[in-house]
Amino acid sequence: MPAPQCASCHKARAALHRPRSGQALCGACFCTAFEAEVLHTVIAGRLLPPGAVVAVGASGGKDSTVLAHVLRELAPRLGISLHLVAVDEGIGGYRDAALAAVRRQAARWELPLTVVAYADLFGGWTMDAVARSTAGSGRSRACCTFCGVLRRRALEEGARLVGATHVVTGEPDDMAEAVLMNFLRAAGGWRGRGLGSQAGALPRCHPLQLASQKEVVLYAHFRRLDYFSECVSRGAASAVLDLVHSAGRLALARQRPRRPAPAPLRALASALCQACALLGGLNAAGPPGHRQGPPGLDEEGPPREPQPSRPPTSILIPTTS
Ligand SMILES: Nc1ncnc2c1ncn2[C@@H]1O[C@H](COP(=O)(O)OP(=O)(O)OP(=O)(O)O)[C@@H](O)[C@H]1O
């Protein structure tokens, strides 16, 4: 059976059914719609004012690749300028390939790129050194904690270095996780790693917050974006997006005076100090490199190989005649 006509341009054959609406669109109309939706997210949420100098957290992965590409398309309309900031965590066998992808993107899209390294920012500590230092102490979990906190700090440093006024990161419907965490942590207020920014830090936002993982992959596919690919098999659920919408409404409704945050929230709001606290703990146990061991974070085996990237075939329309 031939593919249906695109429901938007009525000229080309449809190439996909949009996961949420079921609308059949050709690749070009889908990309245009996707960009328009991100534009709406930015404008409606007042995420990036005209004149903003925006540091894009560029990991080389699909989310930040799509984010950078979409914002580059929208930049003239939004009146913003972009600067890619990549963090080199010092993870042997993993980050190098991702950074190479970021360099190719910067060159192709003619965007300025700054790379900041943990080793330079944190007194010689790389994630490989952290992994060795924390070995035997619930290592995998400790590594994620260190990496998340230090990366946030490094991105902030990089953004300030390039004179950015705002920071943006990928995170499409992963936002739901943050939303849920915030609901659970604070029945009385909305704050934290999700849609807000931390005290003293540059404003940080997630323009892809309402996009689904599947559509991010489809956008990358139709725009033929070159990115460093890991597992892309996570699906999108409408409930997840509804949750993010609810959080946005909750944030807008939060006009009443705020109650003092409970203790866990105060801890969340001090991630910059958290980085120093974690580094202090590491240094107390010995300088970077004091413990020898194999590089790489995965104690169960060697660092993961990148997986080939594929769009979710369940929503692509087969191109048969
Ligand atoms: N090394 C890095 N350098 C700069 N920004 C980063 C780096 N790692 C992550 N980020 C930013 O944080 C966001 C969330 O990263 P995380 O690894 O949690 O999610 P992800 O879904 O794998 O993102 P991506 O597909 O962009 O790699 C990324 O989209 C990116 O904007």
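First residue shown is number 1, and so on along the chain.
Each residue, glycine too, has its Cβ placed from N, Cα and C.
Unlike curated entries, TrEMBL annotations are predicted automatically.
Quick look at what TrEMBL annotates:
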{"type": "BINDING", "residues": "G57, A58, S59, D63, V87, G170, D174", "note": "ATP binding site"}
{"type": "DOMAIN", "residues": "54-228", "note": "domain 'tRNA(Ile)-lysidine/2-thiocytidine synthase N-terminal'"}
{"type": "REGION", "residues": "284-321", "note": "region 'Disordered'"}
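Structural mapping of features recorded in TrEMBL.
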residue : record           : DSSP class
G57     : ATP binding site : strand
D63     : ATP binding site : helix
V87     : ATP binding site : strand
G170    : ATP binding site : coil
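Taken together, the residues of the domain 'tRNA(Ile)-lysidine/2-thiocytidine synthase N-terminal' (54-228) have an average pLDDT of 85. Counting other Cβ atoms within 10 Å of each Cβ, the binding-site residues G57, G170 show the lowest value at G170. Cβ neighbour count for A58 (ATP binding site) (all protein chains, 10 Å cutoff from its Cβ): 31. Taking all protein chains in view, 22 other C-beta atoms sit within 10 angstroms of the C-beta of D63 (ATP binding site). In sequence order, A86, V87, A98, V102, G170, F228 constitute the residues six or more apart from S59 (ATP binding site) in its chain with CB-CB distances below 8 Å.
The number of other CB atoms found within 10 A of the CB of V87 (ATP binding site), across every protein chain shown, is 25.
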